[in-house]
Amino acid sequence: MSAKRRLFTSESVTEGHPDKICDQISDAILDAILEKDPNARVACETSVTTGLVLVSGEITTSTYVDIPRIVRDTVREIGYTRAKYGFDADTCAVLTSIDEQSPDIAMGVDRALEAREGQMTDEEIEAIGAGDQGLMFGFACNETEELMPMPISLAHRLARRLAEVRKTDVLPYLRPDGKTQVTIEYDENGKPVRVDTIVVSAQHHPEITQEQIQRDIKEQVIKPVVPAELLDENTKYFINPTGRFVIGGPQGDAGLTGRKIIVDTYGGYARHGGGAFSGKDPTKVDRSAAYAARYVAKNIVAAGLADKCEVQLAYAIGVARPVSISIDTFGTGKVSEDILIEVVRNNFDLRPAGIIKMLDLRRPIYKQTAAYGHFGRTDIDLPWERTDKAALLKEQALALADK
């Protein structure tokens, strides 16, 4: 590899990874509540270990949901259905400890919340402040069709394929836990040119040989997913490199909601504000503003205004308008970043209630995002992945640049 070339690595995990089990449980509970009470306030945290699920947090709602049933259904759907996995949907204990949202926090967010989003006036949108301070990033680049960095895109596809071959009995000896990692080589112009390294760790039945696992994963998981032109004789494969992965899931490691924030976003390729997504209703800007920032960045790149774009939004608790909007195109912008910020302000309502209205976020759409990434998804329809504002942004930005 020449000195000007570089390597970049991102990882993903399967839905059976302990931390991802927690994310899916938290978002399944959120979806069940939003389905009956779209204005509910939810901050739901989950912890799992051998034979135990603990659900805690702050939930303020007018409805009732059966949390233990939702937990068991989610665990069963993931595939933990046998006691010998060390974690089983039917026999695990489920403990809950739920409080209401602090009135001190609610005070800054509550006003006008009873209004339906479709009928909210600008004054009502202005009255709903951010649920917390914080900074959020959104990113897009033209490395893949879905405008995501290639390392995380391929890592997610491999992780999804691992679950698919398990659930469809193509590789029936696989168990739910698993991880993937992809290293991409970039040329001197920053373009991805080849896959340098692939790492796959897949939980399995104890009687299967490592030779069979390695052969099967290469043929049934890697080859169907990774474009052949990116693989060459120098690509390195590490498949279950410890030699054995029988004990996994919550029996192997305890899990917590919100511990896979880099897997959830851009695989480390872009910056992260630190806030997790799962279990949080859309008044939490940790989630909704990160989605809005991706929406902005993706439309800028889709418009051809930059090859790569990172958007930062920042908020103060109880204040509706973002305290700052920052855009970095890493030298790839076709117009200045000041112009981009101006057209973004003109075309995106980045107040919390404005984001909720713009992206229609008071719906039960979150559990499907809780594994395999919140961004760049081609298998599900997510509002922040639309590029419906690209043409308008391009027209306005080029008009400003000509002035």
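Backbone N, Cα and C define each Cβ position, glycine as well.
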Among ranges 101-111, 189-199, 266-276, whichever one Swiss-Prot labels region 'Flexible loop': 101-111
Candidate nearest Asp19 (Mg(2+) binding site) in space, where candidates are the binding-site residues Gly178, Arg244, Lys260, Lys280 and distance is Cα-Cα: Lys260
Which same-chain residues, if any, lie at least 6 apart from Lys284 (L-methionine binding site) yet have Cβ under 8 Å of it: Ala43, Gly131, Asp132, Gly275
Inter-residue Cα distance where the pair is Glu45 (K(+) binding site) and Gly178 (ATP binding site), in Å: 22
Asp19 (Mg(2+) binding site) - helix vs strand vs coil (DSSP): helix
